[in-house]
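Novice: One structure is given below, represented as structure tokens, and several questions about it will come after.
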Amino acid sequence: MAWLHAWAGLIFGWLLFAIFLMGTSSYYRHQINLWMQPQLAQYQINQDTAIRTATDYLAKNAADAKSWYLNIANHEEPVNKMYWQQASGGYESRSLDANTGQELKLSATQGGNFFYNFHFQLYGVPIMVGRLIACLAAFIMLIALVSGIITHKKIFTDFFTLRTFKSQRSWLDFHNVSSVLALPFFLTITFTGLAIFFYLYLPWGMQKLYPENPFQYFTEIRTTEKSTTHQAEPKKAEMLPIGSLLEKVKQQWGDQALASIEVKNPNTDQAIITFKQLEDRSISLNQAQITFDGQGHVLANTRNESAVATLNAGVYGLHMATFAQPILRFAFFCSGILGCLMIASGLLLWSLKRQIQNKSNQFHFGYYLVDRLNVAAFVGLPTAMLGYLFANRLVHITETTPNYEIYTFFSVWGLSFIIALLTQKQYLWKSQICIFGLITLILPIYNLVYLIQHQLITDLHSYWIFLRIDLFLLVCALFAVFIFRNIQPIQAKSAQKIKSKLAKQQEVKA
């Protein structure tokens, strides 16, 4: 079990660290989205107005479309985002001011969604391939967690033992503490992440029941609406206004916020309009929805509450944690950070133990590479994420220009690895921690100057949504200073232990 725990953790450790760090940041992806699109931060949203302006725009500009889909502005995404399929089959999309209905020329930034998407499907590879790799990493994580529990018989006793700045012993103590402190979270988030994509590695059940279209399964568990087939082509017909249907929705749901409106075959005799409720604060992520025909008759007005649908929604809801209120969400975020520290301390412990066990103290390419990968992952990746945020303030991205933010992210990450390869061991960690710390200090200051210069904030209240992220960056700067000041004593004690062991070995030989 110890062998399995060590080598499974080593081979996938860096990928797991990236997935954990990106996933942890995704708890605040909507806040990151607003930070990276600061012109939206002060929007005040009224959903009735947002729906009216959006449907008026669609009726005027996409009356002959095959379908409409509207993501209604809300407090987390204060912009109407709409998509429609043209009669020719092509698709168009627009972002509208929710209050005026005017088209917005927003930055084409992916914002926090880049971190969110990366954590379960990576980047630069086919989506399904990326998801399979992430599933494999989650499976290895589950193996490492279970084997770690079995290996450390005194894991809960060791939880109360933390010897600081004691070389190898300190890394083991910290690895144990960070592992036990949020162990239920690690097991839950890993298992649910793996379960969500069951159809990738266990596809045979869906293929058996839905031979023509396996993904019909997802349509069925999300709604009780019966599929309706029409032999004839849709004919032009007057459709009941969306505003009138909205009144019927309010009679059933009250003032509950809406997430989206989907219209199939608008302005025809086969029109189907579906309203979907914004996620509530329940663990089961099973949104209520109500479906009308074009004349306002209810076709379906309940969520699918079958056992399979409830289980699916519960697993998905546990992983996404949309139910989490601010304090609980922050606790999840801290647990995610502990997961990153657990993975990092485990890999650092592996590296240190191999150095001590290296009897001849000769150069070993494997150990050399592991050390460099550790630095590139544990310091280089957070630095690359900062570079991604910094690029947002320096370059305006449009749909027709390359995404320089993502280019910056991978360039900084790659450069971090190259610098690590070329840096002497005694300066390896300090050099990159210094770079990370400087960026975390400069970025909040530059952000404040940028916001004032572009008149995006007027007082502390309008600065609050940006201040939260800026304060977190300053906390990271303090952490970098702490590590920078203490990394030298840790390395010195490790080197002394290695030298002492070599000296004893030479005495034995003599």
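Any Cβ shown, glycine's included, is placed from N, Cα and C.
What TrEMBL records for 6-28, 129-150, 181-202, 307-324, 330-352, 373-391, 406-423, 435-453, 465-484 is transmembrane segment.
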Novice: Given the transmembrane segment (307-324), which of the listed stretches 181-202, 330-352, 373-391, 435-453, 465-484 has the most Cβ pairs that are under 8 Å apart from it?
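Specialist: Ranking 181-202, 330-352, 373-391, 435-453, 465-484 by Cβ pairs under 8 Å to the transmembrane segment (307-324) puts 181-202 first.
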Novice: Three or more CB pairs closer than 8 Å, sequence separation of 6 or more: does that hold for the transmembrane segment (406-423) against the transmembrane segment (373-391)?
Specialist: yes
Novice: Which listed range (181-202, 435-453, 465-484) shows the maximal number of Cβ pairs under 8 Å with respect to the transmembrane segment (330-352)?
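Specialist: Against the transmembrane segment (330-352), the leading stretch is 181-202.
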Novice: Look over the recorded stretches 181-202, 435-453, 465-484 and say which has the most C-beta pairs under 8 A to the transmembrane segment (373-391).
Specialist: 435-453
